[in-house]
């Protein structure tokens, strides 16, 4: 029988659940992935079914173990990384949700957020965040105010709330552990990033009882144990859950951005640029967020500056599934290169389908395409879609550079869209940075794997990890300065024209 030990990491994303088996060399042994349903009950609303997420995640965990042909006794530890801000409220006796999960992209609390303008500075100082529908606090409040079953369950003392990591930990441990990690907690608007605890003043502001919230732990410690029967009927192994981090912080760790000033960008459904800023939180002057990156056991927490783009890879999904301009995301590079060769006119697509994230934070912006001419073909729209991902990321890189007072030279990248050579090269040229793509672009899952492994001594220290991450390709800037300035200027004009759209036309 195989006596080797492995780590299984559960990577619960916005559109799919995956489980990955990693070995001691941080190599992927097997992967299982299944998509789950997206619900859009009203304009600007986005929901998931928490039970579907749980069942999907569980089935990938079971099948990835079987694919790797290992038993639960071969699993040293489990890591969890997850879509952040998305919230679930459930009954602790029945284990059933009282409402669908409200997803990070959901904008239903926009108007409520506007009523809190006088609290903006206080909230920012305590949490490092801005008041925005994106974060968990206003979503939890909405469920408590609008869902009778939530109110009834709360009155009965049976209600629990949490982000997706908490929901999965609770289910995996058979309801024994209600916990979250510092990186996920720091995305709720309820967590004080200086005291590293839930903040009573913020709980009062958002009218959320502390009793329903999870215990906050470090990102790398023993949380509890996976119920043996979840692996298989005959399993008896006690496998600990030892690494937990929100997806973007997990990717920062997985890219080994361990020193202040190191930057990574993840190209997923959205785009997320994070910079390690060390053990002291810096507040951005450019509307970036300050967030907890991770905390290793009893060590001091590490902080990050973060810029979030809501729609990145999701824009490519839209031209594939909504507009049907392509059959497969992989085709988009071909069409973008085709349009580049024609170089007749520049089209800009601003994919603010759910508003704009950093550094604009405009909930009322909506998507638009600019520069259309009679000669515009589908390849121009496809090229503009890919370039929109780059322009949005460039906005974040420039804001970060300004906040820390020095030019960013290198950006490490990961996520699905890094497979696009067009996006990677254009990013390097537009931002004037060297873009480094690692061999293993699964940095998000790798981060939680490293966190889980460190907690149980699977890897002994950070030095050992540094030998495990290998570079696939480095992209260097190719466009001249004048061309870049012209392209970026056009993007800036296009973005501004989408501001406040929903408010001005009042299309609710």
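Each residue, glycine too, has its Cβ placed from N, Cα and C.
Predicted, not measured: the structure shown is a model, and the values here were computed from it.
Feature annotations, reproduced from Swiss-Prot:
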| type | residues | note |
| --- | --- | --- |
| BINDING | 14, 84, 85, 134, 247 | sn-glycerol 3-phosphate binding site |
| BINDING | 14, 18, 269, 313, 416 | ADP binding site |
| BINDING | 14, 15, 16, 269, 313, 317, 416 | ATP binding site |
| BINDING | 84, 85, 134, 247, 248 | glycerol binding site |
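Apart from 14, 18, 269, 313, 416, the residues listed for ADP, the same chain places the Cβ atoms of 13, 15, 16, 268, 415 within 8 Å of the centroid of those Cβ atoms. Residue 16 (ATP binding site) falls within a strand when secondary structure is assigned with DSSP.
The distance from the Cα of residue 248 (glycerol binding site) to the Cα of residue 317 (ATP binding site) comes to 21 Å.
The Cβ centroid of 84, 85, 134, 247, 248 marks the glycerol site; residues of that chain outside this set whose Cβ lies within 8 Å of it are 83, 86, 104, 187, 246, 272, 308, given in sequence order. Residue 416 (ADP binding site) sits 23 Å from residue 134 (sn-glycerol 3-phosphate binding site), taking the C-alpha atoms as the reference points. The binding-site residues listed here (269, 313, 317) include 269 as those with a Cα within 10 A of the Cα of residue 14 (sn-glycerol 3-phosphate binding site). The two recorded residues, residue 247 (sn-glycerol 3-phosphate binding site) and residue 269 (ADP binding site), show a Cα separation of 12 Å. Between the candidate binding-site residues, 15, 16, 248, 269, 317, the densest Cβ environment within 10 Å is the one around 248.
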